[in-house]
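As recorded in TrEMBL, the features of this protein are as follows:
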type	residues	note
TRANSMEM	7-24	transmembrane segment
DOMAIN	11-454	domain 'Major facilitator superfamily (MFS) profile'
TRANSMEM	56-80	transmembrane segment
TRANSMEM	92-112	transmembrane segment
TRANSMEM	118-139	transmembrane segment
TRANSMEM	151-170	transmembrane segment
TRANSMEM	182-203	transmembrane segment
TRANSMEM	334-353	transmembrane segment
TRANSMEM	365-388	transmembrane segment
TRANSMEM	400-424	transmembrane segment
TRANSMEM	430-450	transmembrane segment
């Protein structure tokens, strides 16, 4: 029992200052929108004596919002080198510096009468989320025993959803979402950072990192002891040593080396398709629509924030459910089912939106669609996408793979955030057509090309991909000498 306790506590310590921050910081910015816009206007009026025009306020606001994914992109790019040089655990600890800087900036922005400080703080918050979104799943999947690997790495998605819900709750007017307290709301993200700084140092570094990157067998064994207790470590150690031998003499790869390496072709294609789809499937845009649809369904204006919390809780419930079933159901069925259901709901949602004014019960159908869409996203794509890079790449390629994943994730978040208002304007009720196309294409890709990784060791998974990458070549083509073998055996 003791060792499972250590593993659970490690997960919590990594999660609270990790992906929890990503969800939390996405949702706390929604509540004080109007107050911050008013603050921008007042500040400008004080400085220049001229009020801002409404479209300039909108521009400043969209800059503030898009500073977050921009910071995330920066974080995703520095996460790879950080994970290699400092180790997984140390990177997560150092990462809290960014959030604390951000909290100080936004907390004092009103006193300093500077809305630029809010923009800068959103950028730093983004950097923090970018780093943790990449390093936390890597740290946890490397620390978990094989049979629990999916479930443990998936906790990242559960912490994101938990952050979303708590952000929505703390942002209620009764708590910190009021006009007076918004600087405290924006600075509240320092609390999880401080919790992580006190808790995480007590837990071990990733055993794989210690053995394969550092070559430190003693530390690796003591880390495994802490995580697994008295259970027999020989099989697990043997597997790690096999992987260490397979990557011997190699150094950690750069993202562009992954693109150029024919032995990694399908792995790279898979993570590019799935990371892009995760943002381009329109799940985050559902939150954008939520308030409008609930209003149309006749829910009173002051009750809408509470219903929106329901949508966040939806994602939390499904990601926890997904956690329990991923190592039974496997990765493919969850991804496939998730995207097929989302495609179905998108069609119903567009029909419901177009009939919103004609038929009295249509708003309720579109409300149900929002919940169903978010549930379908939570059960598969939300969690499984983050687990895959750990499973399909070896120790030397993993940080670079997460850099590719993270960069795509943040770039597409920025893209959808910027483009969605224009898509709504031009396509009106049919604004979900582009998302529908993405869901259908992704489901087809998963159905035809993605192998199952459940319960396999990292070496077995890479063998399976190797068969795909070299299908076209004859068997004789493999043995061109040691160089060729070294690049194909992961």
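Glycine residues also receive a Cβ, built from the backbone N, Cα and C atoms like all the rest.
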Stretch with greatest number of CB pairs under 8 Å, the transmembrane segment (400-424) reference, 7-24, 56-80, 151-170 candidates:
56-80
State the residues, same chain only, that lie 6 or more residues beyond the ends of the transmembrane segment (92-112) and have a CB under 8 A from a CB inside it; answer 'none' if no residue qualifies.
14, 17-18, 21, 39, 75, 82, 86, 118, 120-125, 127-128, 131-132, 135-136, 139, 183-184, 186-190, 192-194, 196-197, 200-201
Averaged over the domain 'Major facilitator superfamily (MFS) profile' (11-454), what pLDDT does the prediction give?
90
